[in-house]
Structure formats: C-alpha cells, structure tokens
C-alpha cells in the first residue's frame, strides 16, 4: 500500500512551505487509495514546544488534511531507537567513538587549513573501544567507504553521491539521545513509508539515510524532493512574504479551500487548469508534474482564488468560516439578514472574509458611525425634508413589499419625483443614513437586507443627528 507521511518539527509554526509538503503527501496517498501519516519530530527538547505542536495540529485540522492513524511522536520512541542502535553495533555496522571535542576541533582546523574535506576521519572505526562507566562517547554509523549512493528522485531525477563524500555520522550523542538522520529512517521503516515527499533542503540528508536503510536490510522508499517556495522578489520566503503560521491566513480572512488550491498549483500543474476542488486535486495529482524549479509566492493570485471561493462556494461549505469572522468581529448574526443572503450580495465586493465582515457590519450592528466626508458632500439643508418623505413612504409599505428590492428601489425613485430632485439627491443621503457611508450594495437590496425596522429607526436617527430637526 502506498503510504506517505508529513513529519514537521514543533520548533516553529506550520507555514505555507510545510503545508504544501503536507498537501502533496496527502494528495498522493489519497490518489493511490493509500495512507497518510503524521509524525511529530520532537526530539529537539530545548526548542520543541507544545504551542508549536498545537499550532501544527490546528493548521492540519483547519485545512482538512486528516491523517489515517494515530499521530507518531518521536519522543515516545526512544527505546525503539536505542534497540536499533544496539543492533547496528552488534552487527558491526556502528561503533562507539570517544574522540574528545578538542581532538575533533583540531581535526577540523587541520582539514580547513589544508583545503581538505571536513568530516570525521574514522579514528575509532576499527578500534575495539568499549565504553566504561563515566566515559563520554558517541555512537557513529559505519558509512560505506566505496561506491556511490544513488536514487531516482521523483522530482529531480537521478542523483548520485560518492560515499567518499560522507563521513561516519553520529547516530547517538554523548547524552544518549539519537540524532535526526537516524531517527527518521527507523520511523519510516516502522511506519512502512513507501514515498517520502519533502523539501529539497533534505537532499543532502538522503544519501546518509539510504545507507542506513541498506544497513538495516530495509526497503528504500521513493524520494520526491520538492523545490522551495520563494518570495515575490525571488528571495527565500520569509515572514514579510507570507511565511507565517498558516492559521494567520485564517485570521486574515482566507478560506482553507483557497489556500489548498493555491498551494497545489504552486509547483505542480495539470494542463492550464487553475481551479481545483479537493476531489479534482485527488483525481489529478501525481509526482511527475511537480516542477523541479522553485516557485514564487503570489499574493494577488491567492486573493483572486479566495475571492473565487467566496463567490462560488456553496454557502454551507464556507458557513463555519464566515460565522467565525462575524463572531470575532463581535457581530450577532441573529441581529441581521441571513448570512447566505448577505454573502451572495457582498461576495463580488470583497477579497477576504475580513473585508466581508468589515463592510457588512452595519447590517448587524446599530452602532453605525457616519462618514464625515460623505455627510459633508451629500447631506444638504433640504435633506431633512427628503428623509421625512422617505419615512412616510416606507411606513406605508406592507411587510411583504420589503422582500422585493425593486419595490424598495421604486419607493426611493418616486420620493425623488415627489421632492422634485434627482435620484442622487435621495439615494446617497439615504445610503449614508442607513449604513453610515456612501458605499453599499444596490439601494433596493440594501434596504431589503436591513429590513423595515432598522431602516425606519436609522432614518429617524439621521433626521435628529444629521439634519438638526
């Protein structure tokens, strides 16, 4: 069975680069009816935090990237790592090394001074040193000294490294803790991982890991090293570019569907198709069409996709996110129009759910603030009389007539005729009175969504506060 994994370290938050790796791994497993597993690589006890673990899990949950088994934690597997280390030592594939820090520092200085390749020189490789109580020692892996380490990378093609370029790496530190390159191999063997999809910053680790797989007589998985994501300026993606906790995108009003759609196309293609549902991603995704070159993060493209999903999604698919932002903004959705009706009207005017909430607040909150510039421009000495006439005309409408935007628009137009002024002399002041600003959807739709009670009370307030009468 095809089995992939995502293995973040909880030393920082989950950012878009990690999310894309997780997405590619998840999609490949789903495409092949396989399994997707999640492993938390938390062996760096000094830098790993529970807050970072929680952020990773929150991000994966928000995006809908569900793992198929219980989460693996490396800190719960130390006994297993030590078991395998003892096995390698017993088989002559690893050895104890008691070289002092001073000796290793001198070795490195000598190598650098003579333009030699830096690395351990194998002094303890064939020695018969056995640690005694109180000794300071490490355990090193006996890397092959001849030949090549080669693999057919699913993204980068054939890669070969001479074993002469690799030294005998440490697999257990002086404090007894196992090292990263060793742990991940044991984990991937035990988890039966068949395909490792990860960032290409791991390419240099791969030959070391392949040699450990072979030493353990284990099947070597397929590797797919995905190029990094660059900022819009071509520099390494940083916080100023968008390399922030993925949950910040939620706070900024992006939909998970938009994030996933954007990231799947960031370095992977399927013809000219830009819009992908989750099901379409699963059906189409493969490793062959991952681009071997880095991709640049494009905020405008992400906003365009987010706008698309706000406009085109079934409301039930985005309801949770919309309600989240309204609650965060302190708006009571029971005190206004149905959210589905609101989104249908406002979607064309916004790129994010934060914008949607901010631009829609007057529908749900009576605490509107008048835009001074709009008031100064559109509210005149005769506006009070117009507002009074509007009140009369709106009060005369039956309840069901408030459900028809055209009827409400016609009331505004007929009021303009009655007052012998142009439509703009009525519509703009009315818009300011009921929304606080000179911008809103079509006046008939705005009136319908607000409803009779709100419109009348806000007109009465405007007469008192804006018209001094």
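Every residue gets a Cβ built from N, Cα and C, even glycine.
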Task: With Swiss-Prot as the source, identify the stretch among 8-18, 19-29 annotated motif ''HIGH' region'.
output: 8-18
Field: Output field, Zn(2+) shell: CB within 8 Å of site CB centroid, site 97, 99, 124, 126 dropped
entry: 95, 96, 98, 120, 122, 123, 125, 127, 129, 140
- request: Could you pull out which residues elsewhere in the chain have a CB under 8 Å from any CB of the motif ''HIGH' region' (8-18), counting only those six or more residues past its ends?
  value: 40-42, 44, 47-50, 52-53, 55-56, 59-60, 199, 228-229, 237, 242-247, 259, 263, 297
Task: Within the motif ''HIGH' region' (8-18) only, compute the mean pLDDT.
output: 92
Query: Within the motif ''KMSKS' region' (236-240), how many residues are helix, strand or coil going by DSSP?
result: 0 helix, 1 strand, 4 coil
Field: the motif ''HIGH' region' (8-18), counted residue by residue under DSSP: helix, strand, coil
entry: 3 helix, 0 strand, 8 coil
- request: Sort residue 97 (Zn(2+) binding site) into helix, strand or coil using the DSSP assignment.
  value: strand
Residue 126 (Zn(2+) binding site), number of other Cβ atoms within 10 Å: 8
